[in-house]
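Input: a single structure, listed below in structure tokens.
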Amino acid sequence: METQNHTTVTEFILLGLTESSTLRVILFMVFLGIYTVTLVGNFSIISLIRSCPQLHTPMYLFLSHLAFVDIGFSTSITPTMFKGFLGNRLVLSVAACIAQFCITVTFGTVECFLLAVMAYDRYVAICSPLLYSTHMSPRICFLLVGASYVGGCVNSGAFTSCLSILSFCGPNQIDHFFCDFPAVLKLSCSDVSIIGIIPSISAGSIIVITVFVIAVSYAYILITILKMRSTEGRQKAFSTCTSHLTAVTLYYGTITFIYVMPKSNYSTAQNKILSVFYTVVIPMLNPLIYSLRNRDVKEALRKAIIRIFP
């Protein structure tokens, strides 16, 4: 009988986006700019909503939490990318890798639930305006936000529980810029036949549930808008939804390709590009989408600028 000696892996090497030192410098500058805009934009949204009484409504409460989640989502990955750009290689311990993935999944899942909550909020505001204060009371808003964070933690716990029971005794190079579940799973020497389908089941279930809420909400919204006789009323109703629909399309479209579609449909390079888009670019775009396409936010921003620079 042959005895195979396995060395337990205690750390992973993340290969990042490129091996070219020149490209790493360029990418560092690009992502530094993106991360700066992400922080400034989302912190500005949070500060603006907190400081402007006219934005103290459920819709903007949810938007402020979305901005906070985008900050956490981007921060869970981008600073680690900077280390990889500035060094020859990025090394993370197994525990640090699992922790990074845990945080990333938490914020990513919370964003899914918040987008669904925001769709429900628009449904109540447009379809049942007289009952809005009752259906979206401070207590209900608190419960909806709290449930979003709890859902994120539960989903993250399921993923990290699977990772924590895996053994790693072979190659330790992850062909990615962060510790994503499929990339880490490839390096395990444990039986992953069951664990390997968990990302699609878990992410797919959350996507189906939240997309169902969003789709039903907007179906009723569309019916209500089409029944409106006033053109101005239609335009106002549409204007409150376009920003949210844009954010939903960008986010759900990307994560569906990554975590639900069969991996044979796209290459590792394409996976990295899509991952960059939803983990780094979208958190930067959300505050721009909501500020540039929202009259209330633009007006509050104008007043805030006047107060600062009279």
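Every residue gets a Cβ built from N, Cα and C, even glycine.
Swiss-Prot lists 1-25 (among others) with the feature topological domain 'Extracellular', giving sequence analysis as the kind of evidence. The average per-residue pLDDT of the prediction over the topological domain 'Extracellular' (1-25) is 76, rounded to a whole number.
The annotation N-linked glycosylation site is assigned in Swiss-Prot to ASN5 (among others) on the grounds of sequence analysis.
Taken from Swiss-Prot, the feature transmembrane segment covers 26-46 (among others). Tertiary proximity for the transmembrane segment (26-46) is limited to same-chain residues at least six positions away from its ends with a CB under 8 Å from its CB atoms, namely 17-18, 63-64, 67-68, 70-71, 74, 78-79, 81-82, 85-86, 280-281, 283-284, 286-288, 290-291, 297, 301.
Residues or ranges marked as topological domain 'Cytoplasmic' by Swiss-Prot: 47-54 (among others). Long-range neighbours of the topological domain 'Cytoplasmic' (47-54) within the same chain, counting only residues 6 or more positions beyond its ends whose Cβ lies under 8 Å from a Cβ of the stretch, are 60-61, 63-64, 296-297, 299-301, 303-304.
The annotation transmembrane segment is assigned in Swiss-Prot to 55-75 (among others) on the grounds of sequence analysis. Through the fold, the transmembrane segment (55-75) approaches residues 35, 38-39, 41-43, 45-46, 48-49, 103-104, 106-108, 110-111, 114-115, 117-118, 121-122, 125, 136, 141, 144-145, 148, 240, 247, 279-280, 282-284, 286-287, 290, 296-297, 300 of its own chain, all at least 6 residues removed from its boundaries and within a Cβ separation under 8 Å.
Taken from Swiss-Prot, the feature topological domain 'Extracellular' covers 76-99 (among others), and the record attributes it to sequence analysis.
Taken from Swiss-Prot, the feature disulfide bond applies to CYS97-CYS189. The C-beta environment of CYS97 (disulfide bond), restricted to residues of the same chain at least 6 apart in sequence and closer than 8 Å, consists of PHE12, ILE174, CYS179, VAL184.
Residues or ranges marked as transmembrane segment by Swiss-Prot on the basis of sequence analysis: 100-120 (among others). A Cβ distance under 8 Å defines the sequence-distant neighbours of the transmembrane segment (100-120), meaning residues of its chain 6+ beyond its ends; these are 59, 62-63, 65-66, 69-70, 72-73, 76-77, 80, 92, 144-145, 147-149, 151-153, 155-157, 159-160, 163, 178-181, 184, 206-207, 209-211, 213-214, 217-218, 244, 247-248, 251-252, 255, 278-279.
According to Swiss-Prot, the topological domain 'Cytoplasmic' annotation covers 121-133 (among others), on the basis of sequence analysis. Break the topological domain 'Cytoplasmic' (121-133) down by DSSP state and the numbers are 12 helix, 0 strand, 1 coil.
Within its own chain, the transmembrane segment (134-154) has Cβ neighbours under 8 Å at 58, 61-62, 65, 105-110, 113-114, 117, 120-121, 124-125, 128, 206, counting only residues six or more beyond its boundaries. The feature transmembrane segment is assigned by Swiss-Prot to 134-154 (among others), with sequence analysis given as support.
Taken from Swiss-Prot, the feature topological domain 'Extracellular' covers 155-196 (among others).
Long-range neighbours of the transmembrane segment (197-217) within the same chain, counting only residues 6 or more positions beyond its ends whose Cβ lies under 8 Å from a Cβ of the stretch, are 109, 112-113, 115-116, 119-120, 122-123, 151, 155, 158-159, 162, 181-182, 248, 252, 255-256, 259-260. Marked as transmembrane segment by Swiss-Prot: 197-217 (among others).
According to Swiss-Prot, the feature topological domain 'Cytoplasmic' maps to 218-237 (among others).
Residues of the same chain lying 6 or more positions beyond the ends of the transmembrane segment (238-258) and with a Cβ under 8 Å from any Cβ of it are 59, 66, 108, 111-112, 115, 118-119, 122, 125-126, 203, 207, 210-211, 214, 218, 221, 225, 266, 271, 274-275, 277-278, 282, 285-286, 289-290, 293-295. Annotated transmembrane segment per Swiss-Prot: 238-258 (among others), in sequence order, evidence recorded as sequence analysis.
As annotated by Swiss-Prot, topological domain 'Extracellular' applies to 259-271 (among others), with the evidence given as sequence analysis.
Residues or ranges marked as N-linked glycosylation site in Swiss-Prot (evidence: sequence analysis): ASN265 (among others).
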